[in-house]
Amino acid sequence: MSMLFYTLITALLIGIQAAPHTESNVPAGHAIPQAHWIKLQHSLDTVLRRAHSAPAGPIAARVAGQTHNITVDPKLFKKRRLRSPRVLFSTQPPPVAADTQDLDFEAGGASSFNRTHRSKRSSSHPVFHRGEFSVCDSISVWVGDKTTATDIKGKEVMVLGEVNINNSVFKQYFFETKCRDPNPVDSGCRGIDAKHWNSYCTTTHTFVKALTMDGKQAAWRFIRIDTACVCVLSRKTGQRA
C-alpha cells in the first residue's frame, strides 16, 4: 500500500510540474501537448480505481490458484453473527461416532475455529426409552466435500472447501441431517394409521452462513443444507375428519 501511495504522489508531482498554469509562465516552444496531459490524467485515474477496488477487510481474500491459498483472518470467527453450530472449520475431520460425542473443538484452538456451546454432535439417533420409536429414520454426518450449494436467493454458488488460517489449511465442514429412507415401513412413516393417512419421510432444509466464492473473493453467504427428517401426512381420498 505504501508503494502505491508513493507512486500516486510521484505521478501527481510530475503532473503539477508539467501542467501549463497560464500562457505567461510557459516558455515558448516548451508547452506540454494536451494529449500528454490527458494521458497522464488517465493513468492517475487507473491507479486510483485499482486502489479503491483492492480488498481491505478481513472478509475479503484473493484467490491464488487453489482454494487453500485463500487467507482468512482468524478474528473473523469471533463475530457471533457469523457463527453456526452446523458449520465448522477444522484441520481434521470432526468426531461422528457415538462414543466420541464428548470430544469438543474449542473455539480459536489449534485444530478448529467458530465452535459454539452447541458443539457436541453425533451421527447416532437420539436415545429412546423402551417402547419409543422414531417416526422417521435419519442420519447425520459432517460433510467436508461440499463444492456447490443453493444460496438464500435460489442461486447456485461455489462453496469454499479449504481456507488458510494462521498458515494452516482448514477445511469447511457442514453438519447435515437427512432421511435414511423415505419409507421406513411399507405404509410410509412409522406408527401412522395407514388406513386413513398417506405418509412419507422427507428431508427439510435450513440456511447457514458459510464461506463461498464471490467472483475472485471469499464472502459469507446463507446457503441451504439438510437439517432434519420429518413425516409428511395427507388424508386419504374419501376420508372424513
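Backbone N, Cα and C atoms are what each Cβ position is placed from, and that goes for glycine too.
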Disulfide-linked residue for Cys231, taking Swiss-Prot as the record, within Cys179, Cys189: Cys189
N-linked glycosylation site per Swiss-Prot (candidates: Asn69, Asn166): Asn166
Cα separation, Cys189 (disulfide bond) to Cys201 (disulfide bond) (Å, whole number): 6
Cys179 (disulfide bond) versus recorded positions Cys136, Asn166, Tyr173, Cys189, Cys231 - nearest by Cα: Cys136
Candidate nearest Cys231 (disulfide bond) in space, where candidates are the recorded positions Cys136, Asn166, Tyr173, Lys209 and distance is Cα-Cα: Cys136
Distance, Lys209 (1-acyl-sn-glycero-3-phospho-(1D-myo-inositol) binding site) to Cys189 (disulfide bond) (CA atoms, angstrom): 32
For Tyr173 (1-acyl-sn-glycero-3-phospho-(1D-myo-inositol) binding site), nearby residues of its own chain (Cβ under 8 Å, 6 or more apart in sequence): Val87, Leu88, Phe89, Ser90, Pro93, Pro94, Trp142, Val143, Gly144
Shortest C-alpha distance to Cys229 (disulfide bond) - which of the recorded positions Cys136, Asn166, Lys209: Cys136
